[in-house]
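S.K.: This is the structure I have questions about; it appears just below.
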Amino acid sequence: MTVTIKELTNHNYIDHELSATLDSTDAFEGPEKLLEIWFFPHKKSITTEKTLRNIGMDRWIEILKLVKCEVLSMKKTKELDAFLLSESSLFVFDHKLTMKTCGTTTTLFCLEKLFQIVEQELSWAFRTTQGGKYKPFKVFYSRRCFLFPCKQAAIHQNWADEVDYLNKFFDNGKSYSVGRNDKSNHWNLYVTETDRSTPKGKEYIEDDDETFEVLMTELDPECASKFVCGPEASTTALVEPNEDKGHNLGYQMTKNTRLDEIYVNSAQDSDLSFHHDAFAFTPCGYSSNMILAEKYYYTLHVTPEKGWSYASFESNIPVFDISQGKQDNLDVLLHILNVFQPREFSMTFFTKNYQNQSFQKLLSINESLPDYIKLDKIVYDLDDYHLFYMKLQKKI
């Protein structure tokens, strides 16, 4: 699938002033904090008339200020709202949200305000009578170890402090340190037990939810250079009243690196909707949100600075089903690695179905990556999810 130039003109919201003045010169921390909250198991399970998508833009801006990031632009489909942020992305569905923020953002500081807003504006009551904590259907919070932990806000400098803070809000949370337990090579996960008492609704059909994430460090210099803006790409002035160079250059970076061609689909599925929103930062850096079939997304974020280059990819696309068996997440991974050629990378794959085609294919990935050696390979059974984690390094 590929994007077209019309994707530059169909935003539901865009902050041209922020886009024109945003400067990434002092940015340094690529690895993101990833927060995913399922308030209900499905949109058909929601017990009131309003959903998360009824929350206004001004309220999301208020929430994101607590995180220390801003909204660059937003696109809506029938199923989700995709926000491109000054520091990564936010995806809002009717019943759940995924917030991914890099740099020195304070992701966890939005929790109190977020639950206040859903209670006041949506009449969603998740506070328990005992202890005053919240009990949504499911919560995930994860991040790899930071490149510069001492530069984070105090709450995010230490994983144990983050877990303590999360435990003030949620019951039944469990913490995992996945991979080699050193300062630079592990991945952290916090997940709550599924609240099976949450009403599912008469029409509820369980979704075989899956999420694939690839976190890459030490990118090939030539590959990283494709995400650097030249001196002619000054954003001091807008091209036209409804355009800005950051989004224009983001579109060009997407096309030049073929990041819009990660997923293929069969001939009869060629009419699947595909939306794109990307931004190129000055002097360097790239963020993009892609929406497939109205309800699936994949997002990429790149900090190409020499010495701490980093790129991430995350997707909830059920690739085997969407492609009708023509592609799986191993194919997706190989495409991504070809774009960035990292010296090291880790990947995580969550699925509810252990027999998932991509899950089984990724388990035997070694033979498909002859240029890499395995550092870690771990499988977890997490309540109603299976997690596969693997870390690899290029052969010297």
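Glycine too: its Cβ is placed from the backbone N, Cα and C atoms.
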S.K.: According to Swiss-Prot, one residue in Ser88, Ser142 is annotated as pyruvic acid (Ser); name it.
M.R.: Ser88
S.K.: What is the Cβ neighbour count of Glu29 (active site) at a 10 Å cut-off, with all protein chains included?
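M.R.: Taking every protein chain into account, the count is 21.
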S.K.: CB neighbours of Glu32 (active site) within 10 A?
M.R.: 27
S.K.: Restricting the comparison to the active-site residues Ser88, Cys102, Ser287, His301, which residue's C-alpha is spatially nearest the C-alpha of Glu32 (active site)?
M.R.: Cys102
S.K.: Work through the active-site residues one by one (Ser88, Cys102, Ser287, His301) and name whichever has its CA nearest to the CA of Glu29 (active site).
M.R.: Cys102
S.K.: Any idea what the Cα distance is from Cys102 (active site, proton donor) over to Ser88 (active site, schiff-base intermediate with substrate), rounded to a whole Å?
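M.R.: Approximately 6 Å lies between the Cα of Cys102 (active site, proton donor) and that of Ser88 (active site, schiff-base intermediate with substrate).
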S.K.: Between the Cα atoms of His301 (active site, proton acceptor) and Ser88 (active site, schiff-base intermediate with substrate), what distance do you get, rounded to the nearest Å?
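M.R.: Rounded to the nearest whole number, the Cα-Cα distance is 7 Å.
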